[in-house]
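According to Swiss-Prot, the repeat 'LRR 1' annotation covers 11-34. Annotation comment: Swiss-Prot describes 60-81 as repeat 'LRR 3'. If you look up Swiss-Prot, you'll see 107-126 marked as repeat 'LRR 5'. The repeat 'LRR 6' annotation in Swiss-Prot covers 127-149. Among the features that Swiss-Prot reports, repeat 'LRR 7' is placed at 150-172. The annotation repeat 'LRR 8' is assigned in Swiss-Prot to 173-196. Sequence annotations record features per position, and here Swiss-Prot assigns repeat 'LRR 10' to 219-242. According to Swiss-Prot, the feature repeat 'LRR 12' maps to 265-288. Annotation comment: Swiss-Prot describes 290-310 as repeat 'LRR 13'. If you look up Swiss-Prot, you'll see 311-334 marked as repeat 'LRR 14'. Look at Swiss-Prot and you will find 336-356 tagged as repeat 'LRR 15'. Among the features that Swiss-Prot reports, repeat 'LRR 16' is placed at 357-380. Sequence annotations record features per position, and here Swiss-Prot assigns phosphothreonine to Thr480 based on a large-scale study or a structure entry. Annotation source Swiss-Prot lists coiled coil at 484-512, citing sequence analysis.
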Amino acid sequence: MFHCIPLWRCNRHVESIDKRHCSLVYVPEEIYRYARSLEELLLDANQLRELPEQFFQLVKLRKLGLSDNEIQRLPPEIANFMQLVELDVSRNEIPEIPESISFCKALQVADFSGNPLTRLPESFPELQNLTCLSVNDISLQSLPENIGNLYNLASLELRENLLTYLPDSLTQLRRLEELDLGNNEIYNLPESIGALLHLKDLWLDGNQLSELPQEIGNLKNLLCLDVSENRLERLPEEISGLTSLTDLVISQNLLETIPDGIGKLKKLSILKVDQNRLTQLPEAVGECESLTELVLTENQLLTLPKSIGKLKKLSNLNADRNKLVSLPKEIGGCCSLTVFCVRDNRLTRIPAEVSQATELHVLDVAGNRLLHLPLSLTALKLKALWLSDNQSQPLLTFQTDTDYTTGEKILTCVLLPQLPSEPTCQENLPRCGALENLVNDVSDEAWNERAVNRVSAIRFVEDEKDEEDNETRTLLRRATPHPGELKHMKKTVENLRNDMNAAKGLDSNKNEVNHAIDRVTTSV
C-alpha cells in the first residue's frame, strides 16, 4: 500500500518551510535536503535547545526565525549565513553574540531581544546594511562606541536595559526614524540628539532625566515623544519647534508648568500630562487645534483655562483627582467632546453650558461636592453619568427642583448633594484621639448648610405660656440625609472604629471613641 507524503518532502526545490508552534525539540532532519534552495526557515515557538553543525549548511537562507525557543548558544558558524537578510533569535537563552556575526554582511533586520546578553560584539557596527535592530530587555550596560557606523539604521530599539549614557556616535545615525530608549537609567540626553533630523518616534520613558536639551526642538519631523516616568521639572520653550508632533506623553514627572510654546503644536492630537504638579494650564493650550485627547489626571489644578473651549476636536478630557473648584463655562465649546471626567475634585456646580457639548456620552463627576446638576443636561444623550463610586447603574432617575438661592430649575437625585470624599485611614489614625475630629471626618459643614435648601428647616417654638423665661428657644432640624448617604456614613464610621481599635497608642481614647460611634451607628 502506498502512502502519500507531503508535497514539500517530494519537491527538492523548496524555498520556504514554516514549522512554528510544532513542539520541536530538535531541528527536523528532512530540512537539510533542501539546503540548496531553502531561503526562509521559521522555527519560532518550539523547544529547541541547540543548533547542530549541519544547520549552518543552509547557506541560502535569507530569513531565519528562531524566536521563543530555549537556544543556549549561537555558534560562530553563524558567519556561514552570508546571504541572511532577517534574523530573529529573540526570547532565547543566548548569553553572547559571536564576533563572527559581522560576516553576515547582507543582514538588514535583527532581533536579539529577551536574551541574557550584557553586551554587543565590537564587530557589530560592521553590519552596515542593518536597518532595524532590536535589543530590548537584555541587560545591556553600554553600546559600542562606534555604533554610529550603522549609518543605514532606521529603527533602533533598546528598551528595558541598563544604559546610563548614549555614545556620541549615536547622533551619526542620520537616517534613524525610530529610537526607543525606554526603561533604562539614562540621566542626560546629549545636545547632539537634535542632529537626528529624520527622527519620527522617540521613546525616553522610564529613565532618570531631569531636563531635556533645547536642541530637541530641532526635530521637525518628530511625530511621537514619550518622556513619561522621569524627573523632569520643566520643558524647554524650544519644544514649540516640534511642529509635526502628534503625540506628547509627559506623565509622571515633576512639572509645575507647561511652556506657552505648546500652543504652536498645531498637529498635536494626544497630550498626556497626568501625575505631575501642575497648578494651572497655559491659555496657549487652546491653540492646539488638532487635540483629541487631553489627560490631566492627578495634578493640582484649581481650574481649567477658558481657552479650552477652542478645542473643537477634543473628544476625551480627563481631569480626575485634581483640586478643581470650578469649570469654565467655555467648556461647552468643545463640540466633539464625548468623554468628560472630573472625578475626585472640589466642584460644587457644573456649568449649564456643558450641555452645548452635544456629543457628550460619558460624564463622570463622582467624588465632588455637587449640590445639584443643571437642568440643561437633559438635552444631552448621555450613556453614563457617574455621581458616586457606589453607583450601580450608569444612569439614574432625576427629579426637577428649584435652586432657592438663584430661582433656577435644577436636577437632583438620591445621590445629591454629594458628600465629601472619604479620608484615608492613614489620614484618620493620627487624629482619632479627638472626638471632634471624628465627627468632622464623617460630616461636612458645607453639606449641613447647603442641605437646608433641599429640605425645609423645621422649628419648634416653646409654648408662650412659660412667661418666666423671656428667651425664645428654638430647635433647628437639619436636612435628613438620603438612605444611601446614611449607609455611606455608617460604613465610614464603622471603618474608622476598626482602624482606631487596631492602632497602637490609642487605648486611652478607645472607650470614648467607641461610645461616640455606637451612638452614631445606632441612630443610622
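Every residue, even glycine, has its Cβ placed from backbone N, Cα and C.
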Helix, strand and coil residues within the repeat 'LRR 5' (107-126) as assigned by DSSP: 3 helix, 3 strand, 14 coil
DSSP residue counts for the repeat 'LRR 16' (357-380), split into helix, strand and coil: 5 helix, 5 strand, 14 coil
Mean per-residue pLDDT computed across the repeat 'LRR 1' (11-34): 92
Beyond the flanks of the repeat 'LRR 10' (219-242) by at least 6 residues, Cβ under 8 Å: 182, 193-194, 196-213, 248-265, 272
